């Protein structure tokens, strides 16, 4: 057994060559051409997933169970399972990686942050024209000056609009005072008058009838 010692000062000048295993190359035969070595690119995992059908294919045999070691009352359990795996697959639905973009739009829901000035009807009309769909619906009207969450349902998803309209809304208001307030308690007392049930009349530009109503 021999011991090899290296000087640290000369290690930078030493180059160690490690033999690498040669890659195996596949041979393919083409008509009129001799067999040559051709490098075939390996498909990526995404390509393998997109080319795979994630389906349960029909079968013609009956699944069998070994019940020889089961208790005596369960010896004939394998004869009870007589249904085969044969069925007629329906040509409907898509695997997640093969679902076309048109299907996502057909059953799509947009969670939109509506800007100020345009009305909810205008925003829905813009989406209908941009996506070139026939049916659109929103979860509830927002006033033109109001910004916030507006759920827009497309095509087959419009049936879910009723479930969102009854969920209610929550408004957040930001008030600005243009001068200093000598008594902050007066502001608190003024805000208390706006809590609970209050009488309200819709503004001039509104999607509902302008009549006095009670809001909580």
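Cβ atoms here come from the backbone N, Cα and C positions, even for glycine.
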TrEMBL feature region 'Disordered', matched against 1-51, 52-102, maps to 1-51
How do the residues of the domain 'Dyskerin-like' (66-124) split into helix, strand and coil according to DSSP?
18 helix, 6 strand, 35 coil
